[in-house]
Amino acid sequence: MRIFSGIQPTGPMHIGNYLGAVSQWLELQKQHECFFCVVDLHAITVPQNPKELELATRNKVIELLATGISPEKCALFVQSQVPEHTELAWILNTMTPLGELERMTQFKDKAKKQKTEVFAGLFNYPVLMASDILLYKTQAVPVGQDQAQHLELTRTLAKKFNSRFGETFVEPKTILKKEGARIMSLKEPRKKMSKSDKPDSYLGIFEEPESMKKKIMAATTDTGKEIKFDEKKKPGISNLLTIYSLFSKEPMQKAEKKFQKKDYAFLKKSLAALLTQKLEPLRKKKRELDSRELYVKEILRQGQNRASSIAKATMQDVREKIGLLQS
Ligand code: TRP
């Protein structure tokens with residue numbers, strides 16, 4: 001299958017992103033033709049500092065490589081380096097009913113959070129996402145539940161285009177993240193872990209062990225003393241157990257058993273030790289990549305080339321079909 005997925009450059013990668021999206025990408029790249037894209041043009045739908053955006057984009061590429069995304073197995077590239085994404089987005093915008101965009105729950109949430117004005121780019125965000133996907137005739141897209149509605153719009157737009165101009169785009173399937181990969185905030189364990197919350201509520205994948213340990217020891221726990229998995233009554237402990245079980249690759253029951261007669265502090269210390277050990281190779285790889293600027297550039301150039309050749313062919317076809325004068 002041909003797979004496409006995107007990740008925003010802003011914010012450091014945290015264990016929620018890693019156990020959710022990235023671990024799935026790592027699995028998919030083994031068997032499928034994958035296009036993984038750092039979506040800088042999506043990031044600017046809310047105001048960004050130019051210098052920071054550039055650094056964050058490069059950093060996200062390095063983070064992905066350090067976690068094991070392999071340039072031999074997939075095309076890893078930056079969205080703005082393949083200008084066909086924006087060209088197709090414009091064209092699809094001319095066929096997207098306003099009503100469809102007004103329904104998008106993510107737009108409504110983000111617009112509410114915006115302290116200043118809300119710009120047209122934020123409203124049209126799902127159309128750019130549809131273009132990312134359709135440009136490559138993608139068959140399946142791994143995403144979180146929060147993006148499922150955008151995938152539905154993508155299929156609607158593909159159908160619309162195809163019925164008006166003839167068979168052009170493939171309607172992509174949604175691959176939803178596996179259950180059990182929902183990592184919650186350390187401070188408010190009933191809320192999803194998010195990089196837009198305070199730093200003590202999430203654990204960065206490349207964070208120093210000391211800082212990680214501090215955050216884990218200060219994580220919100222629940223009343224009582226017992227360590228068992230019960231999301232309703234024990235959201236804090238259940239979250240720590242989930243992280244433990246996913247990183248140790250032990251089933252939940254086995255993890256529960258291990259901590260059966262122990263106290264909360266023991267669980268927290270064990271989790272900190274486990275994360276330090278499991279993430280050390282990733283931290284090392286990242287340090288190495290941080291110093292190899294040319295190598296990283298070369299990987300992106302190859303990714304751009306592979307993406308471009310498909311994107312150009314699709315756009316040529318689209319331009320002809322909609323009646324743009326050929327040069
Ligand atoms: N909107 C997605 C997110 O915030 C990122 C994204 C952009 C994406 N384009 C995509 C994901 C195409 C999948 C496919 O998570």
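Cβ atoms are placed via backbone N, Cα and C, with glycine included.
Any TrEMBL annotation is an automated prediction that lacks curation.
Straight from TrEMBL, the features:
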- Q8, P9, T10, G16, N17, G144, Q145, D146, I183, K192, M193, S194, K195, S196: ATP binding site (BINDING)
- D132: L-tryptophan binding site (BINDING)
- 192-196: motif ''KMSKS' region' (MOTIF)
Listed binding-site residues with Cβ under 6 Å from ligand 1, out of T10, N17, D132, Q145: D132
Site extent for ATP, whole Å (max Cα pair distance, Q8, P9, T10, G16, N17, G144, Q145, D146, I183, K192, M193, S194, K195, S196): 20
Neighbour tally for I183 (ATP binding site), based on other Cβ positions within 10 Å of its Cβ: 23
Average model confidence [pLDDT] within the motif ''KMSKS' region' (192-196): 87
Neighbouring C-beta atoms (10 Å sphere around the C-beta of T10 (ATP binding site)): 20
Cβ-based isolation winner (fewest other Cβ atoms within 10 Å) among the binding-site residues Q8, Q145: Q145
Around the Cβ of K195 (ATP binding site), the count of other Cβ atoms that are within 10 Å: 16
Counts by DSSP class (helix H/G/I, strand E/B, coil) across the motif ''KMSKS' region' (192-196): 0 helix, 1 strand, 4 coil
CB contacts for M193 (ATP binding site) [other CB atoms within 10 A, all chains]: 24
Rounded inter-Cα distance in Å - T10 (ATP binding site), D132 (L-tryptophan binding site): 18
Secondary-structure category, per DSSP, in which Q8 (ATP binding site) falls: coil
Alpha-carbon spacing, K195 (ATP binding site) to D132 (L-tryptophan binding site), which is rounded to whole Å: 24
Number of other Cβ atoms within 10 Å of the Cβ of N17 (ATP binding site) across all protein chains: 24
CB contacts for D132 (L-tryptophan binding site) [other CB atoms within 10 A, all chains]: 27
